[in-house]
Every structure is written in C-alpha cells, then in structure tokens.
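Now, the feature entries from TrEMBL:
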type	residues	note
TRANSMEM	C:34-59	transmembrane segment
DOMAIN	C:92-306	domain 'ABC transmembrane type-1'
TRANSMEM	C:95-116	transmembrane segment
TRANSMEM	C:136-158	transmembrane segment
TRANSMEM	C:178-201	transmembrane segment
TRANSMEM	C:234-250	transmembrane segment
TRANSMEM	C:286-306	transmembrane segment
Amino acid sequence: MSLTASRQGTSGKAGSATSGASARRSGNPRRLYTVENPRKSVALTVMTGLFTLYCLLPLVWLVINATKSQPDFASSFGLAPGHRFALWDNIVEVFRYQDGIFSRWLLNTVVYVVVGATVSTFLAALGGYALAKLDFTGKRVFFFVVLGSIAVPGIALAIPQFLLFTRLGITNTPWAVLIPSFINPFGLYLMWVFAAEAVPTDLLDAAKVDGAGEFRTFLQIGLPMLAPASVTVLLFSFVSIWNNYFLPLIMLKDPNWYPLTIGLNQWNKLGSTAGNGALIQNLVITASLLTIIPLIIAFLSLQRYWQSGLSLGAVKG
Amino acid sequence: MRLHKETRLLSALLGPILVLAACVGCSGGSADGGGGDQQANLTVWSWDGTVAKAVPGFEAENPNIKVKVVNAGSSTDEYTALDNAIQAGSGVPDLAMFEYFALPYFAIPGKLDDLGGFGAESLQKDYVAAAWNDVTVNGKVYGLPSDYGPSAMFYNEATLKKAGVNKPPATWDEYYQDAKKVRALGGNYYIAQDTGDPFFLLSLIWQAGGRPFKVSGNTVHIDFTDPGTTKAVEFWQKMLDEGLVNTKVTAWSDDWNRTLNDGTLASQTMGGWLTSTLPERAPHAAGRFKVALMPQWAQGDEVGSENGGSSFGIPAAAQHKAAAYKFLKYFTHDAGLTPRVAAGAFVPDTSVLESKDAQSKANTYFGGQKVGAVLAEASKSVATGWQYPPFFEWARVTYGDLVSKFYTTGKGSLAQILEEWKQRMTKYGNDQGFKVD
Amino acid sequence: MGQAGRLDDVTPVVASSDTRQYRARAGKRSKKQIGLAFIAPFGLLFALVYIVPIIYAAYLSLFRQQLVGGNRFIGLANYRELFRDPQFWDSVGRVFWFTLVQVPIMLILAMALALALDSRRLHGTRFMRVSIFLPYAVPAVVSTLMWGFMLGVKYGLFGSVNNALGTDLNPFTPSTTLISIGVMVTWAFTGFNMLIFYAVLKAVPRELYEAAALDGANEFQVVRRIKLPALRRSLIIAIIFSIIGTFQIFNEPLILPSMVASSGITTHYTPNLYAYKLAFTGSQQGYAAALALVMAAITIAVAYAVQIRGLRNVFDS
C-alpha cells in the first residue's frame with residue numbers, strides 16, 4: 001500500500017502549504033509553492049472538467065431515463081425528466097418481467113464472478129509465487145508462452161474453445177464460462193512481480209526450517225503477503241467477468257444460465273427484431289443501471305486497494 | 001418423489017450453485033431430473049410470447065407432460081443457438097421456432113424430423129395453402145405453421161387525408177401518386193420507410209409473380225431477371241430514386257416507433273402480425289391507423305404475398321418427440337389456438353381465420369375496423385409456389401451488407417445489388433456442397 | 001499495511017537471482033517437483049483454455065465445413081482464400097485506421113489528464129479522477145446501448161441539436177459510425193489508462209521535484225525532463241494493450257445495428273465480427289479459424305514491433 005502511505009504523507013504536508021501561500025507573498029515563492037501544493041489553475045480545472053463531463057454524461061442520461069415510463073421515454077427529451085417518476089415501478093417490473101428471470105441472471109453473474117475471480121486469483125497467486133520463489137524446469141518457456149498469450153485475440157481462442165468445449169460436452173453449462181475465466185495471464189504476471197519483491201525469501205526459509213511444508217509455507221506466509229496484489233487481481237477479474245459478453249454469447253443458449261450482459265441485450269432485441277417482441281426500453285435502461293451499480297460500488301469502496309496494486313503493475317511493467 | 005420435490009425447490013433457490021456443486025464435468029444443461037417413463041419434460045424454444053399461453057390448458061389435459069417455454073433468442077440468435085446445441089449434442093430443445101425461410105436450412109441436412117411420421121399430412125387442409133407450402137421442403141412436412149405474415153398495408157388515415165388522399169391506394173400506380181402527395185407535406189413525411197429490408201422487396205417480387213429461387217433437393221437455381229422480379233424491382237427503384245421513401249429510419253428501431261407515433265410515416269406495408277405490436281409502438285396514433293390489402297399490380301387483381309411468419313419443428317436430436325408433437329399440434333392447430341389468438345397471435349389456420357370472432361370483431365386501436373376480416377382475406381390471397389434457398393439465413397445477412405452501401409450512398413441500383421447477391425449466394429452455396437447456379 | 005510499508009524499502013531485485021540463491025540451498029529434485037506442482041493447476045487449465053484451442057484451430061483451418069457432404073480436407077485453401085478475400089481486408093483496414101487514430105488520441109488524453117491530476121493544480125482532483133475512471137466499470141453491452149440510445153439521429157441528443165441548430169448531423173452514417181465507435185471506446189478506456197499513468201507519476205520520488213525546483217526548473221521543464229520520461233515504459237505497455245484491444249472490437253458493431261439505421265456496419269466491419277459471423281451464421285468454422293489465426297499472428301507481430309521500437313527509444317534516450 002505504498003500509494004496510500006505516500007498519499008497520507010502528502011496530506012500531512014498539506015498543513016505547511018498554507019504557510020507556503022503566505023511565504024509567496026513575502027517574495028520567496030517558487031520552492032515552497034510548486035512542489036507540494038501549487039496554486040490551483042482555473043483553466044486546467046475547466047479543461048479536465050470538460051472531460052469529466054464527457055465521462056459522466058452517459059451515466060447521468062442513464063439515471064434520468066431509468067426514471068421514465070416507456071411512453072415517457074419514447075416522447076421526452078433525453079436529459080429532461082419524464083411526466084411521471086417511474087423508477088420504482090421500473091425496478092419492480094425488471095424483477096417481475098418474464099417470471100423474474102432478471103434475478104436469475106443477477107445470481108448467475110454473481111456466481112460466475114465470485115467463483116471465477118476467486119479461483120483465477122488463487123491460481124495466479126500460486127503460479128506467480130512459484131515463478132518467483134520456486135524452481136522448476138521449463139520456467140522460462142512457461143513464462144514467455146503465458147505472457148505471449150496475452151497478445152492472442154480473444155476471437156482466435158473463442159471459436160476453437162467453443163468447438164473444443166462442444167466436444168467435451170460442457171457448452172451450455174456454467175463450466176463453459178467459468179473455466180476460461182479461471183486463467184488470467186496478466187494476473188499471473190502481477191503476482192510474479194509482487195511475490196518477487198514483497199515476499200522475503202529468508203522468511204520462507206525460516207518457516208521451512210521450522211518444518212513447514214512448501215504448500216503450508218505458501219498458505220501461511222506467502223499468501224498473506226500477496227494480499228495487496230490479490231485484491232487488485234481479484235477486482236480486475238471481477239470486472240472482466242462481470243462485463244464478459246462474447247464468451248457467454250457463444251457458450252450459452254439456455255437463458256437460465258445467462259449472465260446479465262447477455263440477458264440485457266436479449267431484452268433490447270425483443271423490441272428491435274421484426275415480430276411481436278415486446279417494447280421494453282424502460283426496462284432495458286433500468287436493468288442496465290442495476291447492472292452497473294454493483295461494479296461502481298465495488299470500485300469506489302475498494303479504491304485504495306486496487307489503485308496501489310495497479311501502480312505496482314504499472315511501475316514494474 | 002419427495003426427494004425429487006426437494007431437489008426442485010433447492011435448485012430453484014440455489015440454481016447455479018447447486019448444479020455447479022453437483023454437476024462437476026457433467027454435460028446436461030438442465031437441472032431437471034431424468035423423469036419417469038411416461039413423464040416428459042418438454043423444452044420449447046420460442047420468442048413468440050403467445051406460445052406460453054397455451055401451456056396451462058395443455059398441461060391440464062396431459063398431466064404427464066410438463067412444458068417449459070424458453071426464449072433462446074430471436075431469429076438468428078436462436079438458429080445459432082440451435083446449431084450449437086445440435087453440434088454439442090446436448091441442450092437440444094424438443095420444439096423450436098423457425099421463420100419459414102429458416103426451415104429448409106435445418107430440414108435439408110436432416111436436423112429436423114419429418115412430421116409425416118406423426119400424421120401431420122392430414123392437417124394440410126386446415127391451413128392456408130401458402131402457409132402449408134412454407135413448411136413443406138422437398139415434398140415432406142417439417143413443421144406446423146404457428147403464425148403468419150400475409151402482406152398488408154397499414155396506413156395512417158389522418159396523414160393520408162392531410163395529404164389529400166381520401167382512400168388508400170389500391171394499385172402500385174396509385175401508391176406512387178399518393179407517395180408524391182405525402183412527400184409534398186415536407187418535413188419527415190413519407191409514404192414508406194425502407195433501409196434495405198430484403199423481406200419487403202421479396203414480398204413485392206412475390207406478389208408480382210417473380211420466383212427468383214427454385215429449389216429441388218440440393219439444387220438451387222437463382223434468377224433475378226424474370227419478368228415479375230424485374231417489374232417489382234424497377235418500381236421500387238423509381239420510388240427510391242425520386243426520394244419518396246424515408247431511407248433514414250429502419251423498421252423496429254426507436255426512430256421508427258416515433259415516426260409511427262407522430263404520423264410522419266403514412267403507411268407501412270408489412271406482415272399482418274404488425275397488428276398486435278403497432279398499438280404498443282404507436283400509442284399516440286390510436287384510431288388513426290387502418291389496414292388494407294397491399295396495393296395490386298393491376299386494377300381488380302387480388303394477389304397477395306408473405307412477409308414473415310413462422311413455424312415450429314421437432315429437432316432430430318430431441319428427446320421426447322411424441323410428446324413434442326402432441327404439444328405442437330395443440331398450440332398450432334387445436335384448442336391451444338384460442339388463448340394464443342386472444343393474446344394477439346395471427347395464425348394461418350382456416351378455422352381461426354373464418355371464425356365469426358375473427359371476421360366480425362372490431363379492433364378499437366384501428367378505429368373499430370374489422371381487422372381480422374381484412375387479414376383473413378390477405379392470407380387467402382397469398383400466391384403459392386415461393387421457395388427459399390436452404391442457406392437463406394446466411395443470404396439475408398449478406399444482403400444487408402450489400403444493400404447498405406446502396407441505401408446510404410445512393411450508388412448503384414437494386415438490380416445490381418441483386419446480381420451481386422446472386423454471385424455471393426452461388427459461391428457460398430457451392431462451397432457448402434449444394435449445386436447452385 | 002505492514003508489508004506494504006516494507007515494500008517501499010525493498011529495492012527492486014530480479015526474480016531469478018532470488019531463485020538462484022534458493023536453489024543453492026535446497027535439494028534440487030524435490031524442489032523442482034514442488035515448483036511444478038504449484039504451477040500445474042494454472043498450467044493445465046492454461047493448456048486447456050489457450051494451447052489446445054489454438055492447436056485445434058490450426059487443425060480445423062485445414063477443413064471446409066459443408067451443410068451437404070460433411071467436412072472436407074482442403075489443405076491451405078482457406079488461407080489462400082483469406083488473403084484474396086476483400087471483405088477480410090476491408091475489416092483489417094478498418095481496425096488498422098481506427099487503431100492509428102483512436103489509440104494516440106486516447107493515450108494522449110490519458111497522459112494529459114494524468115499530468116493534470118498530478119500537477120495538484122486542479123480543484124476537485126479526487127472527484128475527477130474517480131469520475132473519469134467510472135466508464136471502465138460499465139460493460140461494453142451497456143455502454144453501446146446507452147450511446148446508441150443517446151446519439152439517436154432523429155430523437156436522441158443529436159436530434160435535439162439538429163432541431164435547435166437546423167443542422168443535419170448524423171453520428172451513424174457509414175462515414176461517421178466509426179467516429180462514434182471511437183467516441184465510445186475512448187469513453188470506456190481513457191480513465192483506465194489515465195490511472196496507470198497517474199500511478200506511475202505518483203511513484204516518482206518527490207525529491208526529484210524538489211531538486212528540480214531548486215535548480216530553477218519551471219513546471220513545463222519538470223514535465224518534459226522528469227514526468228514524461230517516467231511514463232515511457234508504461235506508455236509502451238499501454239500502446240500494446242490498446243492495439244490488442246482495438247484489433248478485437250466486437251461488441252459495438254454487433255449491437256449497434258439493432259439500435260440505429262443505416263449505420264454502414266456490415267458483417268465484415270471488424271475482423272472479430274467477421275469471424276463470428278462466418279463461424280456462427282455461415283457455419284464456415286474452418287475459414288473462421290484460419291481468419292482468427294491470421295489475426296492472432298498480425299496482432300502479435302504489431303505488438304512486438306511496437307515493443308521493439310519502444311524499447312529502442314528507451315535505449316536511445
């Protein structure tokens with residue numbers, strides 16, 4: 001948590017900034033001013049603010065339109081509220097529509113995410129630890145093959161994966177979505193970097209001298225020390241599995257196994273495919289909002305953890 | 001059985017988790033138990049919501065059969081899913097929905113069962129002739145028609161009046177004249193929209209007597225130059241060239257709903273099934289829309305064509321075929337029709353089309369018009385002898401690629417696109433092992 | 001937090017030197033077996049999810065699947081056909097141009113934003129940092145639905161703009177759709193890249209700035225001499241990952257056509273979309289496999305070219 005520490009360090013220094021401001025007037029501006037707490041720039045704030053607006057606008061649009069009934073959505077200006085505040089009705093209807101299949105999709109997504117992210121993080125930790133701290137034949141080759149695989153486009157894998165899983169008879173089961181999500185090459189890399197730096201070999205040796213086996217040493221000493229990197233890998237696996245569309249699209253055809261993303265698009269298509277499909281744009285929009293809320297909460301609440309993990313990956317990468 | 005019940009309850013609560021735990025490496029996609037000897041759990045893939053309405057009545061009559069209706073995607077998505085399931089050898093439904101054009105794709109390679117074995121042939125007389133033709137491939141029956149799309153013209157009476165048109169066009173010549181009057185209103189007013197919908201163009205060709213696809217066994221003959229095709233294509237080309245068609249708004253899009261709603265789209269020539277979704281898409285236009293037969297190529301004719309419609313068939317890999325046929329017949333032919341029709345289904349069964357209810361019921365959305373009578377007439381006038389090539393699902397997607405260039409840049413012509421389309425189909429079809437020329 | 005504090009003190013060590021020490025101390029054979037055991041779960045799944053599918057794809061690419069007559073061995077004919085396939089090259093050309101324009105814009109924006117945030121001259125730094133990152137947490141499906149609705153030509157935001165100004169702007173014509181997709185992709189990923197750059201900047205020792213200030217360097221010089229060089233390595237990684245990402249664009253062109261009219265999106269709009277349609281609409285899996293493998297080769301080649309060029313620049317400086 002180097003970042004957190006350094007941020008706290010800065011806020012500690014913030015107190016001296018006020019004295020810096022007065023120091024400027026007394027004619028010794030530069031040194032105290034630019035480094036830790038320079039003067040705020042309105043122009044820079046406005047420019048960055050414009051970009052922030054671009055980032056927030058669609059989300060604001062989503063929130064506003066989730067409060068509209070279908071007729072209001074079809075007839076009112078996108079950024080203006082509708083005649084009637086229908087958010088609660090919409091939410092209730094989302095959970096009721098098609099015998100409440102939305103909650104099933106939500107549950108599926110949660111299972112895919114929890115199982116997938118946990119297993120992939122554990123496997124990455126185990127592998128990264130082994131790469132950094134243990135010796136085995138073919139390590140170099142293994143490492144380069146795994147890293148090289150990051151550059152292989154998903155499509156190159158997805159079609160043969162599908163055909164292979166078809167042979168194994170696991171398409172249209174949760175395994176078809178889960179198994180590919182267990183492997184996170186980038187997570188392995190991050191864990192390797194982190195294990196090499198944060199886990200002192202001496203400590204491991206000491207544990208082994210005390211009679212602990214390799215695996216117990218890993219579980220009791222290695223794994224806890226890998227915690228910061230684990231949170232990062234966990235969170236980013238979380239996002240990529242939650243947002244996954246392509247893989248479940250080709251692997252699953254029973255709506256009972258759909259994750260949210262596939263279900264959402266199916267609902268949207270109901271009204272935009274020729275035929276008698278129901279027009280439920282208000283539900284599509286409300287369901288979209290409900291889909292992104294858990295992710296946004298996860299990111300905001302775990303900010304300090306993943307930001308530090310990310311910084312490590314970035315600095316070392 | 002107690003155990004069975006508990007398992008169900010649990011799986012309902014814990015669905016994914018339970019199966020994950022219990023089903024390591026197993027291949028089945030469903031959490032259902034195997035079922036006893038007479039007990040059949042049917043899975044039906046349908047994106048037609050009315051099918052589910054027939055289930056309670058059927059289950060009451062057949063306590064041994066449980067029916068689960070699943071939406072496995074609309075159209076292409078469902079076909080892809082079915083193909084995948086057949087390849088995977090698991091998760092194949094007992095009944096699946098097919099648009100008429102998609103039936104040969106599954107029927108010809110033997111992915112669907114010939115329903116002759118169940119005595120389906122005897123039902124022929126109970127359906128509109130063209131609909132029966134749709135489910136017949138190489139002389140065998142592969143599905144039962146479940147909904148029908150006789151082309152009809154839905155027109156906004158108020159908009160036409162505003163343009164000085166007091167009765168709907170009866171011929172395409174009148175249609176062309178009226179189109180100019182509607183366009184004269186300016187703004188977004190058009191008599192029609194089209195962004196390259198193959199089914200609309202084919203419905204014109206169909207009505208004009210063109211038969212561009214001739215299929216026999218694995219041989220497909222494609223020709224877009226017969227007189228009927230040429231007449232229809234040249235007419236629509238003229239409409240487009242003179243800017244009488246809104247080419248900015250695609251059917252089924254949000255924008256389309258709004259043009260229907262605000263009356264700027266004066267008419268929509270489409271399958272009869274538009275009746276049930278129009279009120280939802282254009283609630284503000286209630287009382288303004290009316291239905292008429294599609295305009296004719298010659299005064300006094302009464303020739304119709306199809307635009308859409310679908311059927312259900314039994315995959316060769318299905319598990320409970322006898323039970324599946326029982327349900328199929330129930331909701332497409334027997335008592336199951338009643339709740340479906342009440343829910344808005346439009347079916348090609350003569351028993352329904354000729355019923356007093358369908359003939360004389362006033363539809364309030366359409367200003368009290370007896371819509372059922374008009375559509376029944378349209379159904380019966382559909383010309384027969386139309387065929388789709390067995391790779392039409394691929395072909396229609398490819399058509400979209402070719403036509404988008406023309407509709408967005410105005411370069412080329414419909415005739416050129418059809419010719420290019422023919423070349424692409426010929427290559428693809430031959431690569432797939434058919435004999436195409 | 002304890003170990004994290006320690007992390008700051010640890011000078012970066014190369015992992016292999018660590019393991020060498022380790023090997024010297026312990027019995028070789030058993031160690032190797034243990035190392036293998038640690039890496040085995042990841043390795044086996046990796047083989048199942050990556051290696052076997054790629055080999056299987058190579059095998060499949062030698063066949064032609066037929067609706068009538070089953071599979072036929074055709075040698076390298078799929079590859080020969082691919083290189084002559086105008087639709088394939090159309091899709092490759094499109095993502096190539098897209099990458100060439102979108103990636104630099106996105107990364108320059110990301111860097112500028114990271115520098116702005118790091119300058120400490122903004123009001124509301126924290127709020128903006130989080131807001132700009134938020135789109136990353138939105139699934140591509142949801143973001144495409146949102147932008148599709150929002151940019152609706154007749155009645156969406158563009159419709160309102162056109163009505164107000166009397167213009168005829170259309171974000172989804174054959175010539176503008178790609179720009180709109182660029183806007184969506186930039187929206188989704190700028191924040192993520194910005195955070196990586198920001199993390200790197202945070203890791204620059206503050207003493208460097210103090211020293212620069214003492215030397216009388218102005219802000220601009222600090223950016224040029226200290227901050228930009230610090231970003232170089234992570235920039236190369238970001239370029240590589242962005243290229244891999246844009247080469248794989250799929251969700252947007254798959255979903256948009258059901259949202260908007262005449263967008264000019266064909267089945268061969270991007271290589272991924274083309275492969276998907278070939279495999280699942282045209283049942284030409286062998287041809288799709290050949291396409292996927294060629295795309296993988298192109299992607300890896302481009303990624304390596306960037307890496308080598310990027311590293312040479314590092315050595316030059």
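Cβ from N, Cα, C; glycine included.
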Inset, instruction - Could you tell me whether the transmembrane segment (C:136-158) and the transmembrane segment (C:234-250) have 3+ CB pairs under 8 A, leaving out pairs under 6 positions apart? - result: no
Inset, instruction - Test the contact criterion for the transmembrane segment (C:34-59) and the transmembrane segment (C:136-158): 3 or more CB pairs under 8 Å, pairs 6 or more apart in sequence, then answer yes or no. - result: no
Inset, instruction - Counting only CB pairs under 8 A, let me know which of C:136-158, C:178-201, C:286-306 has the most with the transmembrane segment (C:95-116). - result: C:178-201
Inset, instruction - Grab the same-chain neighbours of the transmembrane segment (C:286-306) for me: Cβ-Cβ under 8 Å, and only residues 6 or more beyond its ends, written as numbers and ranges. - result: 54, 57-58, 60-65, 71, 74, 78-79, 81-82, 88, 92, 236, 239-240, 243-244, 247, 271-272, 274-276, 278-279
